[in-house]
Each structure stands twice: as structure tokens, then as C-alpha cells.
Amino acid sequence: MSALQEIPSPISNMQTSNFAHVIFQNVAKSYLPNAPLECHYTLTQYIHPHPKDWVGIFKVGWSTPRDYFTFLWSLMPEKYVAESTCNCVLTFQGYYLPNDDGEFYQFCYVTHKGEIRGASTPFQFRASSPVDELLTMEDEGHSDMLVVTTKTGLLELKIEKTMKEKEELVKITTVLEKEVLQLREHVEGLESEFLREQKRSEQLSSEREELFNASEILRNESDEAKRKCKEMSAKIIQLEEDIMLVTQKAIAKETELDSLKDKLKKVVLEKDQLECQLKYEKDEKDLYKVHLKNTEIENTKLLTEVQTLKNLDTNKENLISHYKEELGKLQICLADKEKMNKELLQNSSNKEDIAFLKQQLRKLEDQHQASRQEVSLMSRELSEAVNKRDKTMADLHSARLDTDSVRMQLADALAQLSMRDEQQQKSNPFAKKDQGADNNRVEQELRKEVEDLKLRLQMAADHYKDKFKECQKLQKQVVKLTEQLKATENQQKERELFCATEAAAVTVMKQCTPPVSPFTSDSLPEFDIREQVREMSLEMAEKTEKYRKCKQMLAEEKARCSAYADDVAKMELKWKEQLKVNDSIKRQLIALDDQYKVQSAEKDREICDLSYSIETLRNEKAKMERFINDLEKKLEKQAGWAASNTQGLQFFNPYCDEHRLAPAIPAQQPLLQFGNPYASQETRDGADGAFNPDEVQGPPVRATSWGLEDKVVCSQPARNLSRPDGLEDPDENNAGLITKDEDDDDDDDNVNFEQTPDPTRIAMHDQSGFCFEAGYTMNKKCPLCPVSFPPNYDQGQFEAHVESHWKVCPMCNEQFPPDCDQQIFERHVQTHFDGSVLNFD
């Protein structure tokens, strides 16, 4: 027992709600032990059946699903729908059932997982006995005696009662049919009497006054409606004028769009031109790079040459100092010679030669100083050229960076322009055909401009190549001249050394030898000096010419470099200006695009609002016109009716309290025929689940409609707040139908109400809606088509037929009259997909 207590019961762990997932139906209190047993149960939506589920018979007090007595597999129901209820039946064979042991059993539904999802009320298996077939019931004579009968006898008595009730009901129906025929005959008699009776002049006069008052009210309403129509027409005209203005503005905006598109095309063409210019500038930059490399090489050569020239200048200065010393010595010698000449009284010709030699020496000194100054100037010019070269290199590097940045900006601008072009093509797919001719023309013009630019660039490249070749030739000439200068300087040095040695030798000879006659010893050195002076003058002249030529070449090279630098600066300025212009044009285009989009969106909204307002005004105008026509028709009908002193057919309402008959059978609420299977056991009579005579009832006797219904109200589905267009007034509808039946079907069994026009009914015209009067029993006719329906036709189907004539919007369920224009209806449906907001006020 302790082990059994420790094992937890599965029933305690399961939720109590799981037992209600399968409901067992019609479970009796007892069953025969050896007879087949049918088990009826319902699968709710909370359980999913499985082929391995089973239904077992358990003894009351079971603890686990294994404590079953017998079981059957629960078959899968046919045409099972998930999450829906399903009724099933299983039949247990008699030889599997327990015997009459006095124990209580119950049905349990067990899933394939071993979970119990349903349990029935307890029952027993008991053998049949004659006492079970007996029932006790009270005597019908209202005595205190109890009568014992069998079930079969009780059922036979009930069947006899139901048959008698059926016969009585048949008799009642025949009587009612006869009464209906009598009432119809009576109604026909009343109609004939009503046609004959025309003596109610007082009633007619009062009705005339009421009609006149109603006609005046209707006239006032018609005047107001006409005034409203005039106002609406004026509003429509104003709206049409506004639409014309809006269309004109839209056309102007379209022209602006076309101009903007042309500007865009021009900008794209300029962009292509700039790309071509960039390509050509790249080529020029490459050429400039090559030229810079060559100029750098030449500059290095020139620097080396300048250094050599500086060395030569130092050597020349040394030589000049040496020559000065020698000149001083020569002057001393000349002074000695002059003294000697004075002493010897030489001829005046010798004096003139000495003066000439002095002048030549002075000239040589001046030329030497001039050459030194020219060398210093050349060095300065070379330094300036080097500085300019450095500046040009820096400018070229900055220009390269600028071109790279411009290239990136152009790429971004191209991407943006391509995106805008795609967007414009998507937004305006129909504008491509119109722009084809303009595009071709613009492309031809752009091609011509590109060809012209190519020719110009080719000419500039050829010119640059020629200039580059000239620069190379000049550089070669400069190299040759520097080499010649070096050779001449070397020769001059050698000659100066030779002259210095000869002068030193002459001075030594003069110092050593005594003075002799002037024509023998002094004439030779003077002649040599003259020859040396002539040679030096010639060399100096050649050097000055070479310096002059070099100077001219350097000046030309500087001019060319400055011209190239100016060209590069101009190109950079032009490029920057073009970039600024492109940026400004892009910004303007972006601003114009945004403005145009905003304006176009606003105009579209205005157009949609105006079109919708025009449609509403037209609908209102149509409503007012129809309302005025209806009022005029009513006035004409009432005036004619009053003039002829005739009145519509009157008849009594057979459904009122005065003419209503008492019901033949009192109305009773139907009771449960088979009882509640889950009711308490106290209500059951006996232990075997037999039927209680109080619970066993015949079919509920339905009371006649004469006693149950006071008024018949047609249930009409809810409609829009606004009254549908083109729908006639139900009162007028009924009146029209009655008059038609009077004119066309005089022999039919139709009934007309007493028609008394009331101003309150006319005032409630707009609030009446679409419904039918309760007492209207004649044939139902569709107000929109000539189809008629019998009086007992289903009201829902009749309303569905009437609504089928109307056009219903699939998005907002707004109804349109049958004569509504299809384009207006489609435009209304399209407004739901355009993103525009509709107001249904």
C-alpha cells in the first residue's frame, strides 16, 4: 500500500479541462450485458484525432489508462477538418462487455500518448427484467392514483395524442384558410363600398386644405432646391475655371520641365566635353612630365656648367690679378723705357705706339670686367630659372591634385546625373519619343564641338612638340657653347702663361743687358705684345659674341617657360571656373527638380481635390434635380387628385389589434426533447435511463403568425450616411405601386392602405432610408427594374436583388447609382491607389 501511495496518479497531474475535449452523448444509466453497445461521442476543436487513439470501458475508480476492461480503436473520421467538431460512433460487441456485476463503468477516450481527454457519466450493465419495462404515471382524471404501464403502451398513447393534435391542426388550417377567403371577399366588398361612397365632403375639404399646405411647403422646398441648384451651378462654373487655370499652370510647368530637360542635356554634353578635356589634359600632363624630366636633366647640366663657369671665373680672376701684377711690372718697365727713350731721344712714333698699347690694355681690362659682370648675370639668371622650374613643378603637382579632385567630382556628378536620368525616365516614360529628335540634334552639335576640340588639342600638341624639339636643340647649342667656352678659356690660359713667361724673360733680359739702341732690343717685345693684345682682343670679341648668344637663348627659354606657365595657369583658372559653373548648374538643377516635384505633387493633389469636388457637386446637382422632379411629380399628382375629388383605395390593416383573431392554440416555448445528458441524476426516473413522461414531449405546437406578430419590420442592412442617388421615396414607391395596380390590375386581389398625405411624412423624406412598410402584403416590385416578387418572397433575397443594381466600391463599400458613369466609378476606385485622401463627409 505504501508503494502504491508513493506512485503519483496521472489523473492528479492532468488538467481538469482535458476531460472536456471529448464529449460522450446519450449515455444511459444501464445497458444489457450481452447486447451490442453503441458509444456516441463528439470530438471538439481542442483535440487532434490520431489512428492510435482508442475508447475504453473503465471501472469507476480507475487510476491509470491500463485499468481498462475492454477497448476499441477510434477510427479517423471521414472528411475531417482541423479545428472543428466531429461526431463519431463505436459499437462494442456483446461478448466483450462485462456481466451483470453491480459495478459502475464509464467510457474514456485515450490518446496515442496515453492521455485521457474525455470521460462519460457512470453506467451499469444489468440484465433485463419485466419490472424495468414498467412505468408509473398519474391518472389523467386528476385523481391521486398512479397507473402502472409499459413503455410501449406509453409510446403508443403519445403517438395517438400526436396524431389527434395533427388532425386538430389540419382542421384549424382549413378553418383559417376559409377565414382568409372570407376576409378577402370582405375586403373586396369594402373596396366596392369605398368606390361608391363619395359623400364625405367635409373630410375631402380638410384633406384639400392639408394638400394645399403641403403643396405650398413643397413649392418652398422646390424654390430652395432651385436656388441651391443655381449656387451649385455657379460653384461648378467657378471650379471649371479653376481647373482651366490649374491646367494652364500644369502646361507652364511642363514647358519649364522641358526647358530643364534641355538644360540637363546641355549639362550632360558639357560634362562629356569636360571628360574629353580631362583626357587631353592627362595627355598634356604626361607630356609636361616628360618635359619636366628633360628640364630637370638640363637644369642639372646647367648647374654643373654654372659651377664650371664659376671655377673659370675664379681662374680668370687669378689670371687677372696675375696680369695686373705683370702689368705693373710692365708699367715699371715702360717707365724705364720712357726714361731710356727720353735719354736716347727716340722718335715720336715710338711714343705713339706706346700710347696705343696703353689704350689697348685699358680696353682689355674693360672687356674683362664686362665679361665678369656678364658671368655674374648669367649665374643670377640660372638661379632664377631654377626657382621658376621649382615653382612650375609645385604648380604641376597642385594641378595634378586638382585634376584628381575634379575627376572624382565629375564621377560623382556623372553618377548623380545618371541616377536622375533613370528616375526621370521612369517617371516620364512617355516623354522619350518627344525628346528623340531634340536628343539627336543636340548629339550632332556636341559631336561637332568635340571634333573641333579634338582638332584644337591636336594642334596644341603639335605646337608643344615643336617647342619641345626647339628647346632640345637650344639645349644642345648651349652645351656646345659651354664646351667652346671651356676650350677658349683653356687656350687663353695657355697663352697668358706663355705671355707671362715671355714677359718675365724679357724683363730678365732687360735687367741683365745694358741699354742698347731702341730699334734692336725693345722692338721685339713690343711687337709680341701687340700680337698678344690683338689675339686677346679677338678672343674677347668671340667670347662676348658667345655670351650674347647664350644670353639670347636663355632669354628665349625663359620666355617660353613663362608662356607655358601662363598657359597652365590660364587652363587651371578656366578649369576652376568651369567646375564652379558646373556646381552652380547642378545645384540649380537639383533645386529646380525639387521645386518641380513639390509643385507637381501639389498640383496633382489640387487637381484630384477639384475633380473629386466636381464629382460630388455633380452628384449633388443630380440629386437635387431628381428631388425637384420628384417634388414636381408629387405636386402634379396631388393637384390632379384634389381637382378630381378622387381618393385612393382604403382598406383596413388585417394585422392590427382590432381585426386580429385569438390564437387557436396557446403559444408555448419548446422544451428539450431528449433532455440534458449531463443533468443531475435526481431528475432521472428510474435507474435504467428510461424517458420521463414529463420530459417526453411531442413536436412543439407553432402558434399562428396572427397571434405572434404585431408588426412586420423588414431588416435592412446598414447603408452609407448619404442617401443613394436615384432611389425613390418608399412612400412614393408604395403609392406608385398602388396606383399602378389600380390602373393595370383591377381584378387582382391586392390591398391598398388608406392614403392620407401627412406633412411630417414629407419632412421625414430624407430620413426614411430604403425600407418597406410593415403592412404591405401585395406583390413586391423592384424599384429599379420591372421584376416583381410574390408577397411571401424572402426579404433578404429581395434586398440582395435590389442592391445588385448598385455599383459598390470594393475598397470603401461606397454605393453608386446604376446610371452612374463607369469612368467616374473607375476614377473613384483609382483614387484609393493614388495615395490621395478621400473625405466621405
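Residue numbers in this text run from 1 along the chain shown.
Placed from the backbone N, Cα and C atoms, the Cβ positions cover glycine too.
Among the features that Swiss-Prot reports, coiled coil is placed at 173-560 (among others).
According to Swiss-Prot, the region 'Disordered' annotation covers 419-441 (among others).
Annotation source Swiss-Prot lists coiled coil at 612-640 (among others), citing sequence analysis.
Sequence annotations record features per position, and here Swiss-Prot assigns region 'Disordered' to 678-759 (among others).
In the zinc finger (779-805), the DSSP tally of helix, strand and coil residues is 10 helix, 4 strand, 13 coil. Per Swiss-Prot, zinc finger is recorded for 779-805 (among others), and the stated evidence type is sequence analysis.
When pLDDT values are averaged over the zinc finger (806-832), the model yields 83. The annotation zinc finger is assigned in Swiss-Prot to 806-832 (among others).
The 10 Å shell around the Cβ of C809 (Zn(2+) 2 binding site) contains 15 further Cβ atoms across the protein chains shown. The Zn(2+) 2 binding site annotation in Swiss-Prot covers C809, C812, H828, H832 and is backed by sequence analysis.
Residue counts for the zinc finger (806-832) under DSSP, split into helix (H, G, I), strand (E, B) and coil, are 10 helix, 4 strand, 13 coil. By neighbour count, meaning other C-beta atoms within 10 Å, the densest spot among the binding-site residues H828, H832 is H828. Neighbours of C812 (Zn(2+) 2 binding site), defined as other CB atoms within 10 A of its CB across all chains, total 13.
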